[in-house]
Amino acid sequence: MDLLYYMTVSLLGFILSLTTFIGETTRALSDDVSSPCKASGFLGDIALTEDDYEREMIRARHNREQYRRRILQERQTRTTGARHHIKKRTIEEAKVRHVRAVTARPERRWTDAVIPYEIDGNFTGSQRAMFKQAMRHWENYTCITFVERNPANSEHDNHIVFTYQACGCCSFVGRKGDGAQAVSVGKNCDKFGVVVHELGHVVGFWHEHTRPDRNEFVGIVHQNIVPGQEYNFRVLDAAEVDSLGETYDFASIMHYARNTFSRGIWLDTILPRKDPESGIRPEIGQRKHLSEGDIIQANLLYKCPSCGRTLLESTGNFSSPEWPGQYDGDQTCVWRISVTPGETISLQFTGFELVGSDGCWYNYLEVRDGHWRHSPLLGRFCGASLPDPILSSDSRLWIELKSSAHRYSRGFAANYEAICGGHIERESGTLQSPNYPDDYHPSKECVWLITMPANYTVGLSFQSFEIERHETCIYDYVEVRDGHEDTSPLIGRYCGYFIPDDIKSTGNKMMVTFVSDGSVNKGGFSADFFKEKDECAQPDQGGCMDVCVNTIGSYRCDCRPGYELSSDGRRCEVAAEVYSLVYEGISPALLIPSPIRGTRTVSGRSSHHLTTGSHSSLSPLTSRVTRCASTTTLMSVAV
């Protein structure tokens, strides 16, 4: 079929996709969260911003004439015999065009490669754990850092929210910059590789097959594409992508599979061109892990230091380049240590030799108590003296080695260890088993002593729970006590796979202990702790006008029988009862306010029967006042 037909259908499908999206959101988002389902348009699972939409519409109109010219040129080529020359352009020859499918717009990149995140409460514990594993996968190979959003931190105003929307798997590309932006993980999308792919869009990646030079590496089989989905195979404009010196990556986790949007599972929509040497078509569309090209590209996009890395294990060691030999001057190395929330980090130096200077100005090692360069400074070191051991206040440390040109030193060597447990004096936070969300380590014992401000109690809510099962929990377990002593009252000992009920202390202290033996290891647990107060014990009962019911982390207002809660959630109003007229198999419902004093009149034929909301049948109606057998309410019935 004529290529013009496919170009036209593709253009129409793309325009339609930009103007409509059918479906209702599964998870309601607040107005200040940008939902990808309400985007101006879509390219596959990519949600387009209004700016993206305008750019694509302008480009679509501009390229329509170019499509026609290209067709004419190809026809002329066939008649002149030059078509054979075009076909002989190999992949190797095309490598001179280095364009990568990542955002070219600096404002779309996350500041200092830090991406704050939230996870909606509608996800299960195993899903939340998998999201964290996907984020750790990106952290493990790049300088990108995912941190749980702190609403009090203005640096976290721009953040992502994992949610479940009607668009299924979809996300914006890069940072929108106007507050919260949703990452939809819909039905059948909650798989590790798919989430890593969606996070690729968050980082700033477009789909690999949309690069401007893609036609040199893959062919699009238009006739096999589902009608209306042709726009997903458009080539991006060079203004949207950055030329970072990387060639086409068939192995990218951002690449479509051969049958994506295909009319049939065995029909190709994208066909990789054969390797000129082996004659084999490369595999595409993997959803297992970041490719080497993905890793290189992300580090180039965020200008990650070439020296250093992110350390995610519970224990480890690291050193300056070439240790114990001298490393070259004029280097910047950054190490990011991240352990399980609820743990702290013990850092010890085993060797240290840097060129000294006043204030350690030229060559230094800096250690910061947090996830980035703006975290509180724990120390700046130089010279030949071994620094004292360092203990973090939380689960992250940031270490930077800076050396000036023409100054050579041996550098340093250090090891670290995650310390689980400890004293916690915060109003809220998270406790997790060591190595969570991966399996916990054997032979571990962690004791957390939580203290809240006076006049508050401690609330504990488990989000996920998978501990080796035993009838009496003698092997691996989580134990909670109402106080800080081993002799404090036992609230419960938990193991197995069922999430324990919410827990609260009677005072402002709680002890949480995790124990694992040397054999079976499971996924562990994640629990949120927070300050808890009995609002119902306050003089105003939390504002409730009738009944106050205290719950973990909150409270609710309720009403006595015969009353119902008003729209403000605090006051009670006289309840309405439903009465039914039952006749000839038909039950029309009448909503009649329940009288406290006085009467209500219901009219009907003598053959009708009257029942209350409890469906207790009365005698045939007569002209008299009747007391209902199932209620004390007086009703006047007239015939």
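Cβ coordinates are placed from backbone N, Cα and C, and glycine is handled just like the others.
Of the listed cysteines (C304, C307, C333), only C304 is recorded by Swiss-Prot as the disulfide partner of C143.
Within the set C544, C572, Swiss-Prot assigns C544 as the partner of C557, by disulphide bond.
Tertiary neighbourhood of the domain 'EGF-like' (532-573): same-chain residues 452, 455-459, 461, 502-505, 594, selected by CB-CB distance under 8 Å and a gap of 6+ residues from either end.
Within the model, the domain 'EGF-like' (532-573) shows a mean pLDDT value of 86, rounded to a whole number. Long-range C-beta contacts of C382 (disulfide bond), restricted to its own chain and to partners at least six residues apart, with a cutoff below 8 Å, comprise L354, V355, G356, S357, C360, N363, Y364, L365. Secondary structure by DSSP for the domain 'EGF-like' (532-573): 6 helix, 16 strand, 20 coil. For C544 (disulfide bond), the nearest neighbour among the recorded positions E198, C307, C333, C536, judged by Cα separation, is C536.
Mapped onto DSSP helix, strand and coil, the domain 'CUB 2' (420-531) counts 0 helix, 55 strand, 57 coil.
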